[in-house]
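Enquirer: Per TrEMBL, the feature transmembrane segment maps to A:21-44, A:50-70, A:77-97, A:109-131, A:222-242, A:279-299, A:311-340.
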Amino acid sequence: MSTGSIQARAEGWLGNNDVRLLIALALAIGGLYALFSVVLGFQLNGTVNTLRRVAFLSAIYAMLALALNLQWGYAGLFNLGAAGFMAIGVYTMGILTAPVTASPPGFGLPLPVAILGAILVTGLIGGLAALPAIRLRADYLAIVTVAFSEIVRLTLRAPEFANTRIAGVAFGTGGATGLSLPSNPIRILFYTDPAATAPAPNALGAAIFSAVEPLGIEETLVIGWAYVVVLCLCLGLLYWLMVRIGKSPFGRVLKSIREDQQVTQALGKDTRLFKIKTFALGCALMGLIAILWRLSGGYASPRMFKPIQTFYIFIALFIGGTGSPTGSIVGGALFASLLFEGPSFIRRVVAESLQLSNAPDTLVAAIVELGSGDVIPLLAYSVQDVSISALRLMLLGIVLVYLMQRHPDGLLGHRKAIASSVDLSQRETREDDYE
Amino acid sequence: MSKNVQSAQRDQTQNGQQEQILTVKNLRKTFGGITAVADVSFHVEKGSITGLIGPNGAGKSTTFDLITGVQRPDGGAVEFNDTEITGYRSDQVANQGLVRTFQIARELSEMTVLENLMLAPQNQVGEAIWRAVLPRARTQVVEQEKALRKQAWEMLELFEIEHVAHESAGNLSGGQRKLLEMARVLMTDPEMVLLDEPLAGVNPTLEEKLIDRLHTLKEQGYTFLFVEHDMDVIMNNCDTVIVMHQGSVLTEGQPDTVKNNDKVLDAYLGEEVTI
């Protein structure tokens, strides 16, 4: 491919309104956080770290929303068990990579092999889980899958499987304590021996670390940002994949299954196979995305895969609007940056700017203070760590109610990308018709 | 006179050269205590327009459902092109070249008219997910999509609904939906089409147009079996008419014969009829 055609392609991408919208959104969110941090005089390292965290979660939730959109937005498969499939992905990877000598022991496989294995296992289990439910209506599939995801979580937490031996093979989930995962693979870019506790940087690592050190930016932050860049590449790839699927004859069948399964079947499409394939693929992707998520922390625990995790993804999807990949990314980014991370950021802003003293122990105590005209105790009370997660849930509820009332189709509205690999407005094949 | 004798007679009158495309033998279906289809046997000749009539509740739609695999029969057999298709799933039936429309037009309302048409063709290479994604295999998909697009536009021309090509199917008028549904089943490239009340709610001009198309398509070799309540339409356009009553075939024959059959008249007037 010549440089000219690459340039033409890049221009084509940038000329695409959806891509522009996504870039603008990323800049707006980043700008908002940066602005607040600068105005409030946060340290550079902290600010860059806040941005990293927001970008990280945005990319993860955007990808999860894309995977869920494949199932729910494209095919109308109501998968309320996303968290369960994420857990299967992460734990399969964890068990496959854990050294044979570790406690709990694993299979000691290299990470890429383990990730591939985890994708296959998650996809397979997704397909199997869909089998009995695939003939059912959407709401029954939802019940089956939410139950399934809880079975997965409770199984992973059960002490019986924490360190077990089946057919002579020793392995374990770690039970309630959780499971250690391999260290962040991106470290290999910066360190000669990434597995060591205090590794020596390689040439690239040394160069970058010394360049940012005067700015007060720590090594871990550089690694974190490098990982975010990788995630964004994955997000771009997944987006491209979803657009492709949406425009393909396969996607066209999914679209019609969502509308009327009986008609689709009467037109000669084996709808069961389409649904199972879609469900399996979506689940496999969720497993992979969860692996990308948890690899950054190096640790997995059943607590991470509660049903609320599934609802978070659904809310992200609803915000952007189901059915369109662009909507999934918008929803994922807005959810993660404003609804999920927003409250804790505001807590820090409030805490730092008002120099809050100790918060009262109870809400009543805080309200009593109001009587003397002092609002600070109430404010301090409501921005404690504990109250923030409660506030977050309240905020989510309010946003959900508002969306359902005012924008039932999501912020991007009802977007209908035409499901066809060719431009349908042209009747005859022309020379310039090739994509 | 038994049905078989009647059929044999008709075959003779048409030089005995007719080939049967669809044969239904002793089809039966009960829902709880209700017998929707008691014992239905008939056959449809290749290249014919056959009407299926009968009062409400005679079991016409259920018979359609049993033939096309929407419901499983409790007994009996369906043969299509000498293949026994009894108990096939509806997608398998459609893949044999036997497709149906529904009584209430079931357009895929969020999809455009063209998307509706592009969906229908069988054996689309791009329905395999990897071909949809991998670049090299995708050229094949794009080639096929172009051929289908051409076909879809031709179908729109045939039914004169080109002006709504990019409209969401849900925005079409009732009559246009019927046209779309017809165009859509034809896109599957069938041999035979079962039409469940294709003219219900269609205005006279459009009705004429639809019937006209039916005859054009018949000339091209398609076979039609259709349920309709308008007697004039049935009598003027069908080669053969099958009359159902209370889950059984009352009589079948050429329109003129059926029209003058007292039992048919009685059945429509709600009289007790012994079959």
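Keep in mind that glycine also has a Cβ here, set from the backbone N, Cα and C atoms.
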Enquirer: Can you work out which residues elsewhere in the same chain, 6+ from the ends of the transmembrane segment (A:77-97), have a Cβ less than 8 Å from its Cβ atoms?
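Expert: Residues packing against the transmembrane segment (A:77-97) from afar: 64, 67-68, 71, 104, 106-111, 113-115, 117-119, 121-122, 125-126, 129-130, 138-139, 141-153, 156, 171-173, 179-182, 275, 278-279, 282-284, 286-291, 293-294, 300, 302, 304-310, 313-314.
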Enquirer: If you count Cβ pairs under 8 Å, which stretch among A:21-44, A:109-131, A:222-242 touches the transmembrane segment (A:50-70) the most?
Expert: A:222-242
Enquirer: Six or more residues out from either end of the transmembrane segment (A:109-131), which same-chain residues have a Cβ under 8 Å from its Cβ atoms?
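Expert: Tertiary neighbours of the transmembrane segment (A:109-131) are 77, 81, 85, 88-90, 92-93, 96-97, 141, 144-145, 148, 182, 185, 275-277, 279-284, 286-288, 291.
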Enquirer: Pairs of Cβ atoms less than 8 Å apart decide it: which stretch in A:222-242, A:279-299, A:311-340 has the most with the transmembrane segment (A:21-44)?
Expert: A:311-340
